[in-house]
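J.: Could you have a look at this structure, given as structure tokens, before my questions?
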Amino acid sequence: MASISILPLSFLFLLTLSSTALAAAPRKPLNVPFGRNYAPTWAFDHIKYKNGGAEVDLVLDKYTGTGFQSKGSYLFGHFSMSMKLVGGDSAGVVTAFYLSSQNSEHDEIDFEFLGNRSGQPPILQTNVFTGGKGDREQRIYLWFDPSKDFHTYSVLWNLYMIVFFVDDVPIRVFKNCKDIGVKFPFDQPMKIYSSLWNADDWATRGGLEKTDWSKAPFVASYKGFHVDGCESSVQAKFCATQGTRWWDQKEFQDLDGYQYRRLRWVREKYTIYNYCTDRKRYPTLPPECRRDRDI
């Protein structure tokens with residue numbers, strides 16, 4: 001019988017490092033015009049087209065906001081948008097970029113930018129709904145002024161995890177925890193939505209700060225309308241190209257050490273609310289929080 005050698009601990013440690021070193025940053029999106037992948041959904045006259053449709057402005061006044069959605073529905077992929085948010089006194093104003101399915105037990109992946117009074121930074125809120133259940137809010141301040149220039153906000157969604165990025169910095173991970181009883185979006189295609197609207201009943205300091213309409217119109221600008229997803233009918237239960245796209249590959253099954261350090265930097269310096277640490281709402285730690293490194 002051949003002898004069985006025992007691997008030294010140092011070698012096992014190197015193996016562990018190599019297995020996590022395969023992670024990679026998402027590919028850079030292409031710049032394509034708005035009309036290739038998106039269409040207005042309401043208040044068409046409050047969407048302004050610039051540079052031949054390469055950029056659009058959403059406009060909010062005291063009469064209405066506006067929004068748009070993707071022409072297709074998608075089951076997994078990388079979804080990004082370059083945005084320049086409302087500047088100045090934007091209390092009560094919400095700018096949203098999100099994915100959502102179309103039924104009562106819907107799945108949803110949210111970026112929501114909550115306006116603030118002049119001199120105070122806006123707040124970025126993220127949330128994940130699975131099977132109609134949300135209540136997984138996290139809120140951060142950004143480390144730059146998002147009204148001064150365009151920045152890219154993106155979602156990487158595959159069978160293993162959902163990652164929220166600001167530029168190339170991961171700000172949140174929601175891993176597939178079906179094995180411990182947490183639902184994960186995997187069989188409901190989603191459309192991509194964006195909107196600008198008045199939400200002064202809740203958006204700023206829980207509704208205490210109201211929209212100052214003397215500062216209207218409020219404008220949010222967009223560009224970079226590329227979509228890199230598995231396009232599916234709304235009835236589809238699986239992606240027809242599963243396993244063949246770049247965002248399906250092994251290097252996108254987890255973050256690497258550098259990305260986790262960036263995520264920890266956001267946690268420690270910029271997070272102002274995390275449902276995982278809210279013991280009044282959740283006396284028992286939600287099971288996904290430990291795997292998502294949210295505590």
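Every residue, even glycine, has its Cβ placed from backbone N, Cα and C.
Here TrEMBL flags 1-23 as signal peptide. The domain 'GH16' annotation in TrEMBL covers 25-222. The feature active site, nucleophile is assigned by TrEMBL to Glu108. The active site, proton donor annotation in TrEMBL covers Glu112. Annotation source TrEMBL lists N-linked glycosylation site at Asn116.
Tell me about the setting of these features in this model.
T.: A 10 Å cutoff on Cβ-Cβ distances gives Glu108 (active site, nucleophile) a total of 18 other Cβ atoms nearby, all chains included.
Annotation for Glu112 (active site, proton donor): spatial neighbours Val94, Thr95, Ala96, Tyr98, Leu124, Gln125, Thr126, Asn127, criterion Cβ-Cβ under 8 Å with sequence separation of six or more.
Around Asn116 (N-linked glycosylation site), the same-chain residues at least 6 positions away in sequence with a Cβ under 8 Å from its Cβ are Ser90, Ala91, Pro122, Ile123, Thr204, Glu209.
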J.: For the domain 'GH16' (25-222), provide the mean pLDDT of the predicted model.
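T.: Within the domain 'GH16' (25-222), the model's average pLDDT equals 94.
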